[in-house]
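Feature annotations, courtesy of Swiss-Prot:
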type	residues	note
ACT_SITE	His16	active site, proton acceptor
BINDING	His16	anthocyanidin binding site
BINDING	Gln338, His353, Trp356, Asn357, Ser358, Glu361, Asp377, Gln378	UDP-alpha-D-glucose binding site
SIGNAL	1-15	signal peptide
Amino acid sequence: MSRAHVLLATFPAQGHINPALQFAKRLANADIQVTFFTSVYAWRRMSRTAAGSNGLINFVSFSDGYDDGLQPGDDGKNYMSEMKSRGIKALSDTLAANNVDQKSSKITFVVYSHLFAWAAKVAREFHLRSALLWIEPATVLDIFYFYFNGYSDEIDAGSDAIHLPGGLPVLAQRDLPSFLLPSTHERFRSLMKEKLETLEGEEKPKVLVNSFDALEPDALKAIDKYEMIAIGPLIPSAFLDGKDPSDRSFGGDLFEKGSNDDDCLEWLSTNPRSSVVYVSFGSFVNTTKSQMEEIARGLLDCGRPFLWVVRVNEGEEVLISCMEELKRVGKIVSWCSQLEVLTHPSLGCFVTHCGWNSTLESISFGVPMVAFPQWFDQGTNAKLMEDVWRTGVRVRANEEGSVVDGDEIRRCIEEVMDGGEKSRKLRESAGKWKDLARKAMEEDGSSVNNLKVFLDEVVGI
């Protein structure tokens, strides 16, 4: 009997690559051959061997016309258009070549990330079944679904008390995915609509969600037409279930380390337990100069040791007026191993943009958060983090609405770090979710069982 073979197509952004690679490793550990399909830009920067893959993961790349990545000033609309047209052809060619390859096992199933919705249509042309790998919380998919299925008027009305079905929390405007806000370009909303229309082309489509049952029990069941399957947290084994101690990274970092980045862990070890404030806003957020200054002021006013990841374009320098003062209190780097940082004993809290990977990692490691959401799913994640899971606090912008003042940043950090009643409750809640995340990934845990059932059904494992 030939080995099962799954093609995994993923958008070439860090937030997509990380969970997709981890999912690929899970498949390989189940003795499934994986073809990992992404752009040349991502492939060039990725580790070609994933930990625990047993040689079962191979990479296929295609040129999207932006082989050096999307650069400042590039046309985003053209980028997505080229990605789609070239990706469709490349995926079709890959599947056709596999059909006639006598040496390789035949691809029998396609999994795709949400900006590659066209991959499902290509799969259908080759009479292959497919599933969406949803890399945000189930709640975000629910909101999009309800928006395009009868609730657009309520959401568009500008209310700060939006009631949706499925047991979702009451939402304010700032809690919505940014693609649904009036300030967002219509093409982003169209991308989400296209994804849902793709799912509608199947009966009871399967959606693999990077979450776990205990975290979103209602959201995972809110859409009757979908079968949402929680398989997360999609985090390297060494940091979660411990089944593979060698699996200590995602294996696909798209960013280069700076010259002073390697000693992060050594520096962390010089600080007391639970004392360090970690600040990182992910791979896509470009923080304004004025906001950088306010973050710096907030950190200095706290007086606590901090590790701050500041991404700059190649050849640029970090320009903050109080840089020398900052260096005396904390450490500024362009890159760090976030998994190593979040699991370090000296870490006290995470000031985060609330991207889902960062949020889920914090939950899985029991790290309380200060939420600093920017766009897409981050406002929703911050809402869930503060009001549903109660593992942190969310900053409020000033009256102009464009900048979060240093005083507000300091206030939020102190709420998490000062050891008072609220701080204690946040840490207790964070510890509870840490335990539940680990239970989901135990041998008989919910996410492990969910994946087993899925694989048994779709590939006959």
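Cβ from N, Cα, C; glycine included.
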Problem - Sequence-remote partners of the signal peptide (1-15) [C-beta within less than 8 Å, at least six residues beyond its ends] - result: 23-24, 27, 31-39, 41-42, 56, 64, 69, 83, 87, 91, 94-95, 98, 104-116, 119, 133, 135, 252-255, 282-284, 355-357, 455, 459-461
Exercise for the section: Measure from the CA atom of Gln338 (UDP-alpha-D-glucose binding site) to the CA atom of His16 (active site, proton acceptor) and give the result in Å, rounded to a whole number. Expected result: 16
Problem - CB within-chain contacts under 8 A for Asn357 (UDP-alpha-D-glucose binding site), separation at least 6 - result: Gly15, Asn18, Pro19, Ile135, Asn210
Fill in the blank from the handout: Filtered by Cβ under 8 Å and at least 6 apart in sequence, the residues in the chain of Glu361 (UDP-alpha-D-glucose binding site) near it are Pro233, Ile235, Gln338, Leu339, Leu342, Val367
Fill in the blank from the handout: Reading the DSSP string in three states, the entry for His353 (UDP-alpha-D-glucose binding site) is coil
Problem - Pairwise C-alpha maximum, in angstrom, for the residues (Gln338, His353, Trp356, Asn357, Ser358, Glu361, Asp377, Gln378) that bind UDP-alpha-D-glucose according to the record - result: 20
Problem - Cβ neighbour count (within 10 Å, all chains shown) around His353 (UDP-alpha-D-glucose binding site) - result: 23
